[in-house]
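Report on one structure; see the data block that follows.
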Amino acid sequence: MKLIRVTLFLCALAILLLVTPTSSLQLKHPYSSPSQGLSKKIVTKMATRKLMIISSEYVMTSTSHEGSSEQLRVTSSGKSKDEEKKLSEEEEEKKALAKYLSMDYRTFRRRRPVHNKALPLDP
């Protein structure tokens, strides 16, 4: 009976020790107030070659400007400046993330394989 209690205690202790280190890997969604204009966007992507995890990034949102009654400035392309600004921010984010998420290898010059090359004769 005492042996069963000891084995159950050791099993529970082993499970507790295994669960505790992995609980820190779970992502928790923090709450942010809309008055700050910041929202935390959780991105969970892993590039296996570089072994990097991008856990989170801050993204500015213009929720306070969307409800205003001001007229939007329109450029010659027909898009408002706010839309163009959002598009340019998205492009910058993609460029910044490309170095972590890309699977591109450095370019290198390939040599022709050496087949049937005559071996130098030793004297």
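Cβ atoms here come from the backbone N, Cα and C positions, even for glycine.
The annotation compositional bias 'Polar residues' is assigned in Swiss-Prot to 61-78.
Residues annotated as compositional bias 'Basic and acidic residues' in Swiss-Prot: 79-92.
Residues annotated as sulfotyrosine in Swiss-Prot: Y105.
Annotated hydroxyproline per Swiss-Prot: P113, in sequence order, evidence recorded as similarity to another entry. When Cβ atoms from all protein chains are considered, those within 10 Å of P113 (hydroxyproline) total 6, not counting its own.
According to Swiss-Prot, the region 'Disordered' annotation covers 61-92.
Among the features that Swiss-Prot reports, signal peptide is placed at 1-29, with the record citing sequence analysis.
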Please report the three-state DSSP label of P113 (hydroxyproline).
coil
